[in-house]
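Features of the protein shown, as given by TrEMBL:
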- 1-432: domain 'Major facilitator superfamily (MFS) profile' (DOMAIN)
- 36-54: transmembrane segment (TRANSMEM)
- 66-87: transmembrane segment (TRANSMEM)
- 99-117: transmembrane segment (TRANSMEM)
- 124-146: transmembrane segment (TRANSMEM)
- 152-175: transmembrane segment (TRANSMEM)
- 187-207: transmembrane segment (TRANSMEM)
- 213-230: transmembrane segment (TRANSMEM)
- 251-272: transmembrane segment (TRANSMEM)
- 284-305: transmembrane segment (TRANSMEM)
- 312-331: transmembrane segment (TRANSMEM)
- 406-426: transmembrane segment (TRANSMEM)
Amino acid sequence: MVAAGLAVFMAMLDSYAVVVALPDLGTSLAVTPGLLPWVVLAYSLAMAAVVLPAGRWLDGVGHRPALLIAVGAFAAAGVGCALAPSIEVLLAARVVQGAAAAVLTALTPVLAAVAVAPQRRGRAMGVVSVLGPLGALTGPAVGGWLAEAVGWWALFLLDLPVAVTIAAIALRSLPAGQPVSGPDRRLVAQVVLLGGAVLAILAGLSLASRADLAWAATAVLAVPLLLVWARLPSSAPVLHLLTVRSVTGGLAALALVSVVTSGLIYAVPLALAGRDGSTAVESGLALSALSLAMLALAPVAGMLADRFGADRVAMAGAVLAATGLVVLLPVDPTWGVPDLSWRLAVVGAGTSLFVGPNQALLMTAAPRPLLGSTGGASGAARAVGFGLGPALVSATWTTTDGVAGLRWSLVVLCSAAVLAAGCLHASGRRSRTTT
């Protein structure tokens with residue numbers, strides 16, 4: 001279980017630390033402004049393309065060797081990034097990192113779920129939920145210091161000590177399990193189709209600010225690719241998983257809450273940018289309230305889930321997140337960091353009450369032979385939400401400019417949180433009706 005939490009910590013640490021170092025990296029490698037975002041996008045694209053097939057692969061292999069391979073690949077790719085002589089080599093290494101992160105994302109909830117009895121899964125997911133926000137908090141601070149004191153390349157070596165620790169814990173505490181076999185051609189076909197679909201959607205979102213419909217024409221290319229993926233025999237287990245109502249509701253709610261989180265992370269710096277003298281430090285301080293609240297409430301959320309039911313606690317978390325967004329609605333250009341921070345802390349507390357219990361709900365509702373696929377589907381839902389959040393905020397804000405645009409963006413995010421609670425309520429009610 002600790003190994004699972006550290007894997008999440010490592011992935012979050014890397015993601016948040018790298019963003020801080022992008023300007024220095026771009027200068028050092030003479031990267032054009034248009035290519036620089038691909039340092040992040042290459043990682044995200046690979047992760048989104050691989051996470052579902054990775055979950056299916058994990059259904060048939062041993063957890064310990066899979067964890068060791070993924071952690072080793074992630075750390076080795078980090079070394080490749082640090083030593084990269086050009087942006088092309090760095091992007092290739094980031095793709096490998098993203099693929100390894102996809103395996104870790106799918107495997108983490110499985111490790112936490114099988115480590116404890118079903119009635120204690122809430123607490124297990126709470127441990128994992130603590131280390132994720134801790135990585136998000138540590139990443140920018142450590143990353144900014146390292147980039148300034150040593151250089152951008154040092155950020156990619158942060159993973160090494162964490163990877164060694166995970167490997168040591170895995171070798172000592174996890175059973176060997178089944179031997180690992182490489183993914184077959186059917187899973188490779190899934191990666192190609194899903195990667196193409198994600199690329200089409202990302203390209204469409206990048207064109208969303210244009211006045212014409214080029215963005216829609218580009219994004220719609222994802223539809224035939226997804227239809228072909230759905231018709232593959234190797235996709236059948238994932239589609240079967242979606243017939244389990246508790247799983248479907250939990251995945252939909254997870255995507256919607258991820259929209260809320262990523263949308264706020266995108267919106268807060270823009271909101272503060274309208275103030276004279278606003279700095280990136282102020283944005284970081286305001287957003288830290290979100291992560292600190294998640295960190296503080298995660299263990300409590302797990303205990304509450306085990307006592308009162310994961311579905312009830314997750315639903316309450318979504319409602320609390322919506323409440324935090326409601327008190328953010330009067331946002332004004334005169335607001336400073338304290339005004340935003342306590343409201344963001346309410347959203348963070350609600351998110352924390354949602355994340356761990358919802359993951360426990362998913363892993364308990366899923367058939368045991370499909371735990372890996374469930375972990376992969378969770379990662380995919382999270383990735384979809386994190387991609388849609390900034391896009392929805394940007395589209396709403398540009399349609400209605402200024403403070404009004406920001407407020408309407410918050411209305412959209414609040415609606416997403418309410419819908420998440422509704423998904424959990426509806427799926428829980430249907431499940432109780434059919435049992």
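Note that the numbers count up from 1, one per residue, in the order the chain is shown.
A Cβ is built for glycine as well, from the same backbone N, Cα and C atoms used for every other residue.
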* Structure fact -> With the cut-off at Cβ under 8 Å and a gap of six or more residues from its ends, the chain residues touching the transmembrane segment (99-117) are 1, 3-5, 7-8, 10-11, 14, 43, 46-51, 54-55, 57-58, 63, 66-67, 69-71, 73-74, 77, 123-125, 127-128, 174, 359-360, 362-364, 371-372, 374-376, 378-379, 382
* Asked: Going through 36-54, 66-87, 152-175, 251-272, 284-305 one by one, which has the most CB pairs that fall under 8 Å from the transmembrane segment (406-426)?
  -> 251-272
* Flag the pair the transmembrane segment (251-272) / the transmembrane segment (284-305) as in contact if three or more Cβ pairs fall under 8 Å (sequence separation 6 or more). => yes
* Report the mean pLDDT of the predicted model across the domain 'Major facilitator superfamily (MFS) profile' (1-432), rounded to a whole number. => 84
